[in-house]
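To start, the structure itself, in structure tokens.
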Amino acid sequence: MSGMTNDEKLVYMVNQIARNFEALGYDHAVAATEDHLLKYWDPRMKTRIRMLAAEHADALCAIASAALSRLGADAG
Amino acid sequence: MAWIGEIDLGTKAVPVTGPMVALTIDDQRVEVPEGTSIMRAAALMGTTIPKLCATDMLDSFGSCRLCLVEIDGRAGYPASCTTPVAPGMVVRTQTAKLQELRRGVMELYISDHPLDCLTCSANGDCELQDMAGAVGLREVRYGYEGENHLVAEKDESNPYFTFDSTKCIVCSRCVRACDEVQGTLALTVDGRGFESHIAASQDQDFLSSECVSCGACVQACPTSALIEKSVIEKGTPDRAVVTTCAYCGVGCAFRAELRGEELVRMVPWKDGKANRGHSCVKGRFAWGYAQHRERILKPMVRASVDQPWREVGWEEAIAHVASEFRRIQATYGTRSVGGITSSRCTNEETFLVQKLIRQGFGNNNVDTCARVCHSPTGYGLKTTFGTSAGTQDFDSVQQADVIMVIGANPTDGHPVFASRMKRRLRQGAKLIVVDPRRTDLVRSARIAADHHLPLKPGTNVAVLTAMAHVIVGEGLADEAYIRERCDWDEYQDWAAFVSEPHRSPEATEALTGVPAADLRAAARLYATGGNGAIYYGLGVTEHSQGSSTVMAIANLAMATGNIGREGVGVNPLRGQNNVQGSCDMGSFPHEYSGYRHVSDPATRAMFEAAWGVPLDPEPGLRINNMLDAATDGVFKGLFIQGEDILQSDPNTTHVAAGLAAMECVVVQDLFLNETANYAHVFLPGSTFLEKDGTFTNAERRIQLVRKVMAPLNGYADWEIVQLVARAMGLDWNYTHPSEIMDEVARLTPSFAGVSFDLIAEHGSIQWPANDKAPLGTPTMHIGGFARGKGKFVVTDYVATDEKTGPRYPLLLTTGRILSHYNVGAQTRRTANVAWHPEDLLEIHPLDAENRGIKDRDWVYLRSRAGETTLRATVTERVAPGVVYTTFHHPATQANVITTDYSDWATNCPEYKVTAVQVGLSNGPSDWQEDYAEQARLSRRILVEAAE
């Protein structure tokens, strides 16, 4: 992880969270990932990761991508 | 508190489980529990029977023959320390015959003892002297010309105490203390008859022996044969204050014994419920840092970190802090500043720092050093059980039948609890050790693990899931317990998950390195061996799957019904003294005191009403997030109380870059620590000896910290935070820390019943303490879980992305050693450096030989994050492919090596897995040289010209 930019770290972290929820099954994992970001990430990090998701969708795993879509929808 | 030596009842208390026994002693009727000794029964009714070899910290021994009594109907003069009471027994403790016998015994002792009482360092605090008076010894008929032990060289090798064998009466109390209390068995009585003498290890001096300097022998010694050097130098104390140790999470209670205003010694308090009268080398002896010459006592400021410090008055320093934070927020926004609370400070101080940030800074950018140690414990246990804390008290270990220690080395990290655990193991409890290293618990004096699972670093979840696979697959789960206490549907999902064939011990053996048969046997033992208790440490939490591992542990405990009574449980061994408390007090950026999320409207409304300001409903930044935001240019100010993130946090280079990017870093500490090299304001802090407050230990036990002496810096830390708050316009008017705890109680349901008065009355209180449990809660989750039903959580094994390879073929894990505490800021400034003057790299003989490394060679230690150099120690304590070091010395800066990888849920750093290479070196790394110069320049303090 050393040598990553801060943006790369954010992407890494959301993928890591999603991967650890993966065993719950897709739907539960998406919900759990979104809930985790809501509970533990500060507003700037959430805003930034949504921007990164829009710019670099291929860098995100499916669960993370879906969770961020829901996060964006919930945030309006 | 005036000087009152602790009352010694002579023999240990017996559990009040059997009937009471009534007897008569010296014509007085007394009733005591069955099994009590006559000596203790007499002492309880106020009659002191003369004694020398007996003390209530040790098992009865019956060797000195001074405590003889007469019992109606029994021949002879039995020793009262070894004779239990019996119904209707009639005992006489003071008769002419007994007096004659005792005088004769004392006469023999004194005939071979120096008669230098007036100049002896124990004069006035010597049991031998007291007994000579008690038995009326007036002459020694034998003279002093015969063969004796009055000439011998004093052993002064230990930095903290001396051993003078000329003063020794060979009562064996020191040997028994080392055996029964500490469990090291470093001392013995060597020789026979007249040649008998106390010997350390193989008749070595104390420093080079196996002695761990816990002080139990010194405490037990009835003469001055073993005595603190501080007593020799300063004289015997004349008053004592009971307080709480500021080192590890065991939370030992001590009597700070003083002569006037000068601290003479710290003696473990027998009534301390965490330590039961025991101590370790740190708490007992390593308190000299409080008056170390390097301690900073005046506030200092500077415009930039390349300038020397300028000493200023408190008023100027506080005003500068307030104006800088207000300026930064006006320029960069409300969320551009934050703070870090300290697990070394009191609950009250921690509560005030997070309040300053939430109420004064207007954001939730507060975090604490638990981020880098036990944050996964908070996450994992709250998710599964409903409470972010361990489930038991330390006494519980005495009821355990099977003890499983995972990723912890309590012998070094939590030595006083380790002694209690070892006592239980010597009584026959079974032991499972899950650890990559062959720690002391795996095999040491009279301790041997029944199973050692030497897993590869980073595979905790796979190992614990494989254990669950065995428990479920072999029908060892406690289905009745699970149906009653846990969510049955979630259990079934979990059981199906762990039962999948690829999670079996056999399938995961190659991955984990643990032989399947051993793992199966360990799982069976834990599930079927009676009360199963799990104790774990940072080898669990400091991984990319730290939180998953905590939940996997909780799953195992629930599946086997090992939660909710004495002798079982899930017990995190907390690192620093107040880690539990700092977390309880709302130090995390997402929750208020009592672990309630900032987004909860009802909770937030309560705090808003109390504090009179709207509060931010969004979570704030964690420490690592703050540093990232700083290098992004949006986080500019940080208030740090009692933490040294530059030395303790991972990837030092990144920490330094983050701090360097800020415009105002405030460090409140005792010394110019490494973080202070990047600070703009230094506020001198106070030691635990200089303030009132409370600490909460790993058992959730809240204990009083009492002011022993006035703060050398002028203010207790809570007062300094209040000064900053007031300078920022907050109307804080606390006059004593008890008022802060009262506020915590008003705002925190689990602390609703807590007050300083209640703690003082009962010695300590374990939260939750409220209407449901007015005197606290020693054991959690009795009859049901705090969250309702216990929650089984599926914990999939996800390998860390920190991989070994050709360039970095070894795995580094880091940890601590007995004699030092955390970053060593305190212990490095004591004589504890005698045991550990530098960080060493442990490397297996095979790995050392492949690299041409010999013991004590200088080696480089290189990772993808950085490089440092240190000396090697070649040992089989580590497995091939694994190296280990400590992080106590800034000259080494072990965290230059560790990476930004962290726990997926909490960002707790992955200190325990770093891919590294090791090789011979001939000098410090470039980073070390640069840092040493930067630190030297940064620590300059302007000297005012004489007027």
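A Cβ is built for glycine as well, from the same backbone N, Cα and C atoms used for every other residue.
Annotated in TrEMBL:
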DOMAIN    B:19-97  domain '2Fe-2S ferredoxin-type'
DOMAIN    B:97-136  domain '4Fe-4S His(Cys)3-ligated-type'
DOMAIN    B:159-190  domain '4Fe-4S ferredoxin-type'
DOMAIN    B:202-231  domain '4Fe-4S ferredoxin-type'
DOMAIN    B:238-294  domain '4Fe-4S Mo/W bis-MGD-type'
Take the domain '4Fe-4S ferredoxin-type' (B:202-231) and find every residue of the same chain, 6 or more past its ends, with a Cβ under 8 Å from one of its Cβ atoms. 52, 55, 57-58, 113, 120-122, 125-128, 155-169, 171, 173-178, 181-182, 184-187, 190, 237, 264-265, 267-268, 277-281, 284-285, 415-416, 419, 818, 834-835
Would you mind giving the whole-number mean pLDDT across the domain '4Fe-4S Mo/W bis-MGD-type' (B:238-294)? 96
Per DSSP, what is the helix/strand/coil residue tally across the domain '4Fe-4S Mo/W bis-MGD-type' (B:238-294)? 9 helix, 21 strand, 27 coil
DSSP-assigned states of the domain '4Fe-4S His(Cys)3-ligated-type' (B:97-136) in counts, ordered helix, strand, coil: 25 helix, 0 strand, 15 coil
Three-state composition of the domain '4Fe-4S ferredoxin-type' (B:202-231), taking helix and strand from DSSP: 8 helix, 4 strand, 18 coil
